[in-house]
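Everything below concerns the one structure shown next.
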Amino acid sequence: MKKIIYQQDEKDCGVACIAMILKHYGTEITIQRLRELSGTDLDGTSAFGIKKTFEKLGFDAPAFKAGDETWQEKDIPLPLIAHIISEQKYQHYVVVYKVKGDEIWIADPAKGKIRKTISEFSKEWTGVLLFPKPKAEYKPSIERVDSLSTFFPILIKQKSLFITIFGIISSYYFQGLLDNIIPNQARSTLNILSIGLIFVYLFRVLFEYSRSYLLLLIGQRMSMSIMLGYFKHVLSLPLSFFATRKSGEIISRFLDANKIIDALASATLSLILDIGMVILVGTTLAIQSTQLFLLTLAFLPFYILVVYVFIRSYDKANTEEMSAGAEVNSSIIESLKGIETIKSYNGENHVYDRVDSEFVTLMKKSFKSVTLDNVQQSLKMVIELISSVLILWLGSSYVIDGKISLGQLITYNALLVFFTEPLQNIINLQVKMQKARVANKRLNEIMSISPEQRNTNINISKNIFNKDIKLDKVSFSYNMKLPVLRDVSLEIYSKSKVALVGVSGSGKSTLAKLLVKFYDPSEGNITYGDINCQDIENHKLRNHVTYVPQESFFFNGTIIDNLTFGLSHQPEFEKIFRACKAACLVDFINQQPLRFDSVLEEGGNNLSGGQKQRLAIARAILNDSEIIIFDEATSGLDTLLEKEILEYLIKLQDKTIIFIAHHLSIAKACDEIIVLDQGILVGRGTHEELSEKEGVYRRLLNA
């Protein structure tokens, strides 16, 4: 196992192991692509998901439950993947790439390469092994998207900055004149030398100021391109992405972008200013004294060696630090979202202890990273100080021997700072570039995910949403788990009012989310009229099909802003008022100090559950879609309010409305009831028809 691939997040150990095995056989695929193939979610990757991924990529991957005697076999196929229980009692995967005697060599995506005895390994090993081997028709392939070069087009946009930079460089021509004049005049006049040195130091201040200013300017321009580009891409991703990622993981990558911006901005200046200064001043130094300049260059290999030695350590430390930071972010965000539950169960200490433990881990990883940086900087300083002493030592000897003048030595040392500082800037890019490389891998995990379908070549008429909806043998499962829907075939008639009923977990909400294309069916087809929903771009479909969840989200803004959210233009006030009246909201709004201009808190925290649901219903009515899906959207209402709102919705003759409800009073009012049980369609008909038959609906009715 030549190179280990570290997991970017705690749930990525399985896909990191897959990536290592693939790389061993010449294939490189992004971690995010492997997450999609293996069905990795918030619970991690299953052994079944790993096996199926290898099979999709041209491998056989038999899985076995084995014992310690396996490690004594001479022909055990390596590398293989082993399932273990980590020290933190988490399920974990590692790659075993070498077995010799009573020792096992492991590539752990969380820790790196480790060597253990068989007895030590057996204490954590569950006995599960996967043996991936390429089939005869297997062909290696390489899919790379994590190069920093993907951001270079952003730099090209900064043409005005480059012109400014070249203008600054050209204005430094005066320094070149001084560098040439001083050596010729130093012997004859101390005054000229002193004045020249003052100009040199003034130029040094100007150079540093210009460098810092340009760094800030380029950084801000790039921040807008990279960070806003990332956020825009995240918004375009399918709902399935958010179901398999913690909020902290997504946000931490947004913050990681700063490392990329810092590195690229610094690299831009180094390529233009620092390298230019090194060449310009280096030429001047060589003219001053070839021997001293050669001595200066002799220390470059030592700098390069120090940089090279720390490359792998920096990669590991940065990956661990960023991953630990994502865990802390996730826990804090999760805790703030669930503060009511935490308070209800006196769980403050439990939550604090968990965050405290994760934060201590982050501090340890951060300390390790900073310590590496300190050690490297100390080594660089040793080289710099020794080189300075040797240059003065040798230079003074040359002055004594009459090979150079004292003025030449003073001038050389005065100019040397303009050679060493830009050189240090270039060398110090290593730390920033390595952090950026790790951050870029994490960022590109998200950027490489395909956004939701936007454009299709099929011209879609809005009239198709006034036609029947058909499901033909539709099945669906989340991330290679047990099917939630199984072979469902049904027809929902245009402008009908339909209720989906069944016990919890029967697949009602999942079916609704398929209709609005939050997810795609694993098998089968859904059609609106005669058009397959896969041929309808998501944005257009959701203009005509509105989904109202049980817990709708409200933004920090006025009531009217939240009611009209997502609309291309604000409707007339009369239309807004009618929608609020239909949702029984008028009295509530009249009680607010600024009525429609009253401000809602983030998440609607100053509203009750019932008030939120009525606002969500009013928003759906105002959206005026041909099809509306209410997913338990009246569960927080009292019986009288629910009845009044339901009567209005049932009377909407021009709309197809689908209700998902546990309250059978809603089902009774509908034209048709569809009954699901464990993902299977087990009945359909009116309330009267189903209540007379023995089955799930009758059991729900009698419960």
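Heads up, the Cβ atoms here are built off N, Cα and C, so glycines get one too.
Here is what Swiss-Prot says about this protein:
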- C13: active site (ACT_SITE)
- G502, V503, S504, G505, S506, G507, K508, S509: ATP binding site (BINDING)
- 7-132: domain 'Peptidase C39' (DOMAIN)
- 153-435: domain 'ABC transmembrane type-1' (DOMAIN)
- 469-703: domain 'ABC transporter' (DOMAIN)
- 162-182: transmembrane segment (TRANSMEM)
- 189-209: transmembrane segment (TRANSMEM)
- 224-244: transmembrane segment (TRANSMEM)
- 267-287: transmembrane segment (TRANSMEM)
- 291-311: transmembrane segment (TRANSMEM)
- 381-401: transmembrane segment (TRANSMEM)
- 409-429: transmembrane segment (TRANSMEM)
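A helical conformation is recorded for S509 (ATP binding site) in the three-state DSSP classification. Long-range Cβ neighbours of G507 (ATP binding site) (same chain, at least 6 residues apart, Cβ-Cβ under 8 Å): F476, V484, L485, V488, L676, Q678, G679. Contact between the transmembrane segment (409-429) and the transmembrane segment (224-244) does not hold: fewer than three of their C-beta pairs are under 8 Å, each pair 6 or more apart in sequence. Shown are the binding-site residues S504, S506, S509; of these, the residue with the fewest other Cβ atoms within 10 Å is S504. In this structure, the binding-site residues G502, G505 were compared by how many other Cβ atoms lie within 10 Å of their Cβ, and the smallest count belongs to G505.
Most buried of the recorded positions C13, V503, judged by other Cβ atoms within 10 Å, is C13.
Counting every protein chain shown, the Cβ of K508 (ATP binding site) has 27 other Cβ atoms within 10 Å.
The two recorded residues, K508 (ATP binding site) and C13 (active site), have Cα atoms 33 Å apart. Listed in sequence order, the residues L676 complete the 8 Å Cβ shell around the ATP site centroid, once G502, V503, S504, G505, S506, G507, K508, S509 themselves are left out. Note: the Cα of G505 (ATP binding site) and the Cα of C13 (active site) are spaced 29 Å from each other.
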